[in-house]
Amino acid sequence: MNEAVIKGDELTPSQVMAYLDRYVIGQMKAKKAVAVALRNRIRRKRLPKELAKEIIPKNILMVGPTGVGKTEIARRLAQLVDAPFVKVEASKYTEVGYVGRDVESMIREMADIAVHMVKSRKIEENSAAAETLAEERVLDALLPTKHKSRQPQDFMRLLLGDSTEEEEESDETERETKRTTREKFRKLLREGKLNDREIEIEVAESPLSNIPFVGAGMEEMGLNLGEMLGGILPKKIKRKRVTVANALKIFQQEEAEKLIDMDAVVQEALDKVQEEGIVFIDELDKIASSGGQKYGPDVSREGVQRDLLPLVEGTTVQTKYGPVKTDHILFIGAGAFHETKPSDLIPELQGRFPIRVELDALEEEELLRILVEPENSLVKQYKALLETEGIEMIFDDGALKAIAFFAAKMNREMENIGARRLHTMMEQLLEDISFKAPELREREVRIDEAFVNERLADLVENTDLRRYLL
């Protein structure tokens with residue numbers, strides 16, 4: 001799929017599905033739900049403003065065991081549309097009035113992410129201009145200009161009426177020599193022949209750059225004392241010796257930031273958060289009250305749910321960049337719901353997640369596909385790692401089926417951690433090869449079913465050892 005199409009406003013649900021299929025195996029219901037939610041955002045942009053205000057996103061609740069792709073679907077979706085995305089765990093938050101993080105901090109975190117996204121893009125857009133300016137500053141450092149003090153002589157000559165034509169010719173010759181020398185150095189600089197030469201440069205340093213301070217209460221307000229005072233106090237100029245290559249990087253960063261209008265960056269970032277932001281709330285089941293109990297820890301859990309209500313419904317959160325409205329932010333909730341059910345959430349919060357999709361547990365067939373089909377599959381990753389040592393690994397079909405079989409078996413007999421079990425299997429399988437890789441004489445290593453059985457069968461069957469494996 002063409003990147004220009006992916007990032008555009010013409011993105012269709014089928015294109016979203018095709019993109020997600022490259023990274024997530026199965027889970028068609030969940031993919032379809034997020035694809036429709038994304039398309040509805042595009043549709044909303046085409047409506048008259050008055051009507052668009054009334055259309056709110058249909059938040060999604062994903063229910064399924066760990067390791068089946070809930071987080072990956074949301075993360076890839078955010079990458080697809082280049083939207084501000086934040087993943088949080090519901091269990092990390094506390095009710096307002098208690099010590100801990102309040103739920104509004106997730107919006108403040110997303111505002112930080114959005115500002116960084118927009119700023120990085122602007123720096124990239126200005127990179128050519130910044131590179132030119134940085135080059136000039138490096139040349140200035142390599143060829144410092146010596147100013148001659150000739151004012152008294154010039155004044156006397158004016159009084160006496162002496163001609164200065166010879167001196168003007170001399171000055172012109174000197175300027176031409178400097179220009180020629182500068183261009184020679186510019187050519188050497190662009191060819192990288194001066195990269196290792198050391199020069200002395202001046203860099204701006206914030207007076208509080210080495211004193212990060214965040215108060216417990218201030219963090220919740222999105223404030224940082226170091227940032228506040230750093231903006232008020234003048235920046236200190238520091239001289240240091242660096243290589244030409246490093247000086248170019250430092251100057252390019254400084255010049256790029258000078259070319260950026262931070263007010264415009266902040267405004268664009270806040271607009272992106274409000275119109276395109278995606279909040280993924282994991283472990284939503286951990287704040288559900290089991291069996292309808294309303295005492296002890298369950299009271300605090302219900303308090304967190306009630307604090308989430310206005311965020312999900314639509315409210316204004318104060319951030320250090322300005323107010324952020326959450327009315328059109330897409331919230332995706334997720335949880336395993338082993339010990340609780342979605343119906344154990346307070347009714348008001350259930351109503352804020354109208355789209356509910358169940359993700360299927362991964363069986364042997366899906367685990368086999370996960371090993372090889374995704375764009376950056378586990379097998380491709382391990383092959384690439386060992387290729388850096390000059391070793392080519394070849395997996396036959398029997399080996400892959402055996403790995404998937406043992407992973408599914410352990411998921412059934414122990415905690416079901418889904419696709420994450422494959423990481424354990426691959427590490428155990430290739431541990432010796434990875435350790436001996438630099439000294440191996442054989443440049444081709446074939447992994448077959450017999451090798452997998454030899455390395456994993458006893459491990460999976462040994463109940464004592466299994467307790468120490470993920």
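Cβ atoms here come from the backbone N, Cα and C positions, even for glycine.
What TrEMBL says about a protein is an automatic prediction, not a curated fact.
Per TrEMBL, ATP is bound by G67, V68, G69, K70, T71, E72, D282, E348, R420; the candidate from I25, I113, I237 named for the same site is I25.
The maximal spread of the ATP binding site, taken as the longest Cα to Cα distance among I25, G67, V68, G69, K70, T71, E72, D282, E348, R420, is 34 Å. In the three-state DSSP scheme, K70 (ATP binding site) falls into the helix class.
By the criterion of other Cβ atoms within 10 Å of the residue's own Cβ, the least surrounded of the binding-site residues E72, E348 is E348. Of all the binding-site residues listed here (I25, V68), it is I25 whose C-beta has the fewest other C-beta atoms within 10 angstroms.
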